[in-house]
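I have placed the structure first, in the form of structure tokens, so that the comments after it can refer back to it.
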Amino acid sequence: MEEEILNEENNKYNIVVKDRFGDLEIDAPNPVNPNPHDNGDCPEPKLTTTQIEDMPPPIPVSIQSPHITRPPKQPGPALGPYYQFLTTDLNRMLWFGSALILRNISYDQPEIEFFCEPKLDFNWEILYDNLFNMRIYRINISIELRDGKGDDIIRWKMNWGDHITDGLFHIARYNQNWRGGFFSCNGFDSTVPDDIRTDLTFGTVWEHLNSIHEETPLHILIWGGDQTYVDFMFEDVPYLKEWVDMEWNQKWTCDFRDDLKEQIEQYHFNSYIQNWERPEVKNALASIPSIMMWDDHDIFDGAGSYPPLLHDSPMMTGLFKCAQKMRLLFQHHTTAEKARVHGLFGYQGYNSLTQCGPDLVIIGTDGRTERDTNIVHHPESWNMIFDKLENDIINIKHLIVVFPVPFSFVRFKLAENIFDHIKKFPNRFRNVPPIKQTNSIFGLPELYDDLLDEWTNASHIDERNRELIRFQKFAERKRIRITFFSGDVHCCGISRFKKRQQDDLLPINDSKLMYQVISSAIVNKPPSRQILFVAHYVRTKWYPVEETVEELIDFFQRLPETGRKVRHKKLMSNRNWCYFEICEEDHSTVYKNITIGCLQRVFKSKQKHIPAVKLGPTSSHDGHGSAKSPIHIHSHNRSCSHRKEVGQDDIGTHTLKIRLWLESGGKHTEGRKFVSYELLIPNLI
């Protein structure tokens, strides 16, 4: 009977879906879901009288992090507040945000009080009356945006009925320069061995971020994707564990059952709460209003980057729909029904625009909801993004565009071609032992989806280049400096676009100058340095569109562990996070002193307008703060090759300062656990 149904679908859509061995073709439309409306368009399951097996009881996975269990445990009766920043309205002089509150349904609605000098209004909204025995509230908050410099401190107290919690967060006044943080990859994926997870721990880098926040309060924290890792659900959920081992044709045509849907939703629900309630994360969520944009591990590894048979299968669309529901709740304090009212926009996806005072705007791009093997964003979503930029922002200095996957990164064309050829093998050949050992749980090479995720993949580079040109035209017309923030790749570095062959063009006047900041991961295991060494020996400079050069820059001059010079300066594999702030700088013109024999002469730098990079401060020996001196102090005497000063031609008058904080891969000679590297990005004049 099942064979007849497949043949009927074949005839209906005039497609061949099987190879010569009888296995479904991986690049053909899925026979039971051949034309889905979106990534969550899951066919209705057939009625069944069987029941799936319950999940096993939770077990702690790490002595250092005993609150992390597999599967994730049920939540406590009172959770939150978790704060989100929405935008500032400069016409009405208001700051807007929200707080997410979860309370067991057996309790009444808690009470919240705010204590601050500016006027503050709030109201309660119920998102879910009963979701896994929790009533879920959104508190909509508006605060007077006062003139002047400095911060306003917003204190809060929550009366839960049986206990009280309290805390505070900071908001920037109208003329205050904004300070923020950015990170990605807040967990370990299923490929990381248990002993590595125990050695690295979940909280080390987070604790440093929190210590910087205590030292210099952050106004905003951008979560750049992989906020939670649900990779283990394929081992923890009994039905999914069985599904992974199903025969090929059955695997990609079987129903996404209703009882499985409830189990998967609860797995996501419990995973978010378990991660949000980690002490170091809970502290940040309660004291730094956040902006979030998801990535694949918030769904499943490689979500969206699979051929049609897999991508449109009932199981993958069903898993996606569950992840989307929980992503909207925990990352955006909303539901699918209310998301547009709450300010998220897109053709099918959920993008965001956030105004941070008069000088800074942040666009968060949803790179998963519309993704398939051919596109990342639907053309209509791109149009909506640029319509928002054209119509909703006026006279800002800096635009940060959050792409969870780097907009500029190394190309791996040889590997792309190899894995694409393997993908096209008949399923029977992909299961030959030497190849099968390198496959993911979805039957494709483990790195296939990672490479297809990249903007620089052959499948997506044309879309990227088209939109790069639009960003360039927008920057030129509006005189706004654009910077890209991304994570995903488990390493850190800086890439750059700029105008080609115009040495006399000042950085402050180059509308094509756009930096790509890569910060990943705050928790996950970094790759070995040997792997990143390879990236330094492939091409790292390109000419993607007219009059534009793109390159990974030499950003890291010294090793974080020893302070010694490094040979490979473009990418580092240490765990990290990124601090940023708008600031005003005033230095003299760029010069470099060059020693020739015994004579000292002063020349203008032959390489004009090199990136304004320098070594930043370091943490204390216990991994806190930024009070210690840089990893290396340049003497700037006659023998020092690093004699340069940075001027306004290079950094402008309203600079975006980037400070990448790297965890030392080993014990630093002076006991410092975190080392920083700085980049100054000029405004556009």
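Each Cβ is built from the backbone N, Cα and C atoms, and glycine gets one as well.
What you are looking at is a predicted structure, and each value in this text was computed from that prediction instead of being measured.
So that you can see what the record holds, here are the features copied from TrEMBL:
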type     : residues : note
COMPBIAS : 631-641  : compositional bias 'Basic residues'
DOMAIN   : 171-422  : domain 'PhoD-like phosphatase'
DOMAIN   : 440-587  : domain 'PhoD-like phosphatase'
REGION   : 30-53    : region 'Disordered'
REGION   : 615-646  : region 'Disordered'
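Note on the region 'Disordered' (30-53): residues 5-6, 9-10, 12-13, 15, 17, 24, 238-239, 252-253, 255-260, 263, 303-304, 308-314, 317-318, 320-321, 324, 348, 368-372 of its chain, located 6 or more positions outside it, place their CB under 8 angstroms from a CB of the stretch. As a summary of secondary structure, the domain 'PhoD-like phosphatase' (440-587) carries 35 helix, 39 strand, 74 coil according to DSSP. Summarised by DSSP class, the composition of the region 'Disordered' (30-53) is 0 helix, 0 strand, 24 coil.
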